[in-house]
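Participant: Positions annotated as domain 'Deacetylase sirtuin-type' by TrEMBL: 17-292. Look at TrEMBL and you will find His141 tagged as active site, proton acceptor. What TrEMBL lists as Zn(2+) binding site is Cys149, Cys152, Cys200, Cys203.
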Amino acid sequence: HVVSRSSPDLTFVPECLPADPGEIKELQHFISRSKKLFVMTGAGVSTESGIPDYRSEGVGLYARTDRRPVQHGEFLRSARARQRYWARNFVGWPQFSSRLPNVAHLVLRDWEQHGKLHWLVTQNVDALHGKAGSQRLTELHGCTHRVSCLGCGDQTSRSELQERFAALNPTWKAEAFGVAPDGDVFLTDDQVRTFQVPACSKCGGILKPDVTFFGDTVSREKVNFVHQRLAESDSMLVAGSSMQVYSGYRFALAAREKRLPIAVLNIGPTRLDHFASLKLNSRCGELLPLIN
């Protein structure tokens with residue numbers, strides 16, 4: 001598996017102090033006691049691969065821009081919203097899709113291979129856990145590397161769609177300004193206006209990335225599946241997430257109800273801080289590799 005071996009890209013990682021030896025010991029103790037660890041990751045695991053998050057102070061997308069991600073309802077309702085979404089996604093895709101897993105992704109894969117990690121749920125849509133080789137994995141909000149048709153449900157790969165975009169828009173050119181957590185970039189309305197969006201090649205339906213947009217909900221089947229994996233687990237680690245989004249937070253609430261010990265590794269406050277057994281304010285890519 002290819003991985004970024006170079007030093008981590010900290011452009012989008014918030015300021016934090018180096019890991020404290022006491023904290024390292026506490027997390028080591030937490031992980032050692034666990035036989036069936038349930039891990040949930042968020043954007044803070046991918047920031048060191050050069051993918052910004054939404055909410056981090058100073059460096060997150062919301063802090064740096066007034067941009068907000070596309071809303072589910074708007075994407076369904078408006079052909080113009082879809083054109084804008086796909087034009088920006090087309091420009092951002094080569095850079096976004098070439099991002100590589102960092103050391104945090106690899107550590108979690110190794111834990112799985114050594115039988116320490118029971119199940120991994122990620123809120124990220126960047127495919128980096130899959131690229132790292134994790135298999136006991138649920139992508140809670142889907143993955144940008146897959147595209148599905150809203151009409152017939154046919155699934156295609158996002159890279160295949162990239163070729164169709166290129167063929168439909170041979171002379172269309174746009175410079176990208178900045179990149180967002182979902183591979184989105186900033187373009188002007190003028191640039192977007194002439195961009196052609198293909199329909200499903202099977203039924204002519206609307207194509208949408210296989211991700212849960214803001215305002216949409218995760219399928220009942222997937223939520224139930226994750227609850228089952230959590231029920232089999234004996235502890236929970238949250239890495240790189242403030243857990244502001246309910247779709248992930250509900251599993252922490254379920255863990256609390258089951259009285260599972262919960263450790264949180266995240267720079268900055270999270271919704272779990274008042275009931276977690278352990279809260280660590282460090283970089284995932286710095287702290288996780290120190291645990292064995």
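All positions are counted from 1 along the displayed chain.
Positions of Cβ are set from backbone N, Cα and C atoms, glycine also.
What TrEMBL says about a protein is an automatic prediction, not a curated fact.
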Participant: Measuring Cα to Cα, how far is Cys152 (Zn(2+) binding site) from His141 (active site, proton acceptor) in Å?
Facilitator: 20
Participant: Would you count the other C-beta atoms found within 10 angstroms of the C-beta of Cys200 (Zn(2+) binding site) for me?
Facilitator: 18
Participant: List every residue in the same chain as Cys203 (Zn(2+) binding site), at least 6 positions away in sequence, whose Cβ is under 8 Å from its Cβ.
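Facilitator: Listed in sequence order: Cys149, Gly151, Cys152, Asp154.
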Participant: Select the most exposed residue of Cys149, Cys152, where exposure means the fewest other Cβ atoms within 10 Å, treating these as the binding-site residues.
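Facilitator: Comparing Cβ neighbour counts within 10 Å for the binding-site residues Cys149, Cys152 gives Cys152.
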Participant: In whole Å, how far is His141 (active site, proton acceptor) from Cys200 (Zn(2+) binding site) when you measure between their Cα atoms?
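Facilitator: Their Cα atoms are separated by 22 Å.
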Participant: Name, in the order they occur in the sequence, the residues of the same chain whose CB lies under 8 A from the CB of His141 (active site, proton acceptor) and which sit 6 or more residues away.
Facilitator: Gln123, Asn124, Val125, Val211, Thr212, Val218, Ser247
Participant: Per-residue pLDDT averaged over the domain 'Deacetylase sirtuin-type' (17-292) comes to what?
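Facilitator: 91, rounded to a whole number.
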